[in-house]
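For 1-83, the entry in TrEMBL reads domain 'RyR/IP3R Homology associated'.
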Amino acid sequence: QLFCEGHHLRFQNYLRLQDHTSQSSNMVSEVQAFMKDIVAVDMDNTLCDVALQGFNTLTEFCQGPCQLNQAALLQCNVCHEVNIVFHMQKNNADDVGQLDFDLQSAAVVMLLSLLEGSTDNSGTDVMVKTLDFEAMHGTLNAMWKSVRDGVTEGGLVPLSDSQEETLDLTF
């Protein structure tokens, strides 16, 4: 992730394709494949932390924007993993924990990074066709309820960075 910090386009592209070597490794699709394996299992807190880091890494691969990495992730159907994360929501939205919110928030930020700098509709078309907007809506409602309840029950209290990010996503 730190290799892409600052949106260094040459290095973002290098992570996907090393054209000066005889055998190239596409780290973008490898991290996405790793994420596919991680979200497919019943996640405990440790795996949630790993998945959170994975979404943050995928975000860094795309921001800047790096359109070739965006296209690679959309081609790998990364939206499927996002859908799984949004379906992780507990049966009772009140039970959704902060780690779940953090993971879902990271998934949303990663989706936004896929749209950054987009000049055509190909990426948005893929996302519209594959994302489960009902599950996203349920998650955002749960986030809003959490923020609303925190304000009405505790008054205006300082929010942690994580709570601030959650609040930003609900609007």
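Positions of Cβ are set from backbone N, Cα and C atoms, glycine also.
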Between 0 and 100, where does the mean pLDDT of the domain 'RyR/IP3R Homology associated' (1-83) sit? 88
Do you know the DSSP helix, strand and coil residue counts for the domain 'RyR/IP3R Homology associated' (1-83)? 57 helix, 0 strand, 26 coil
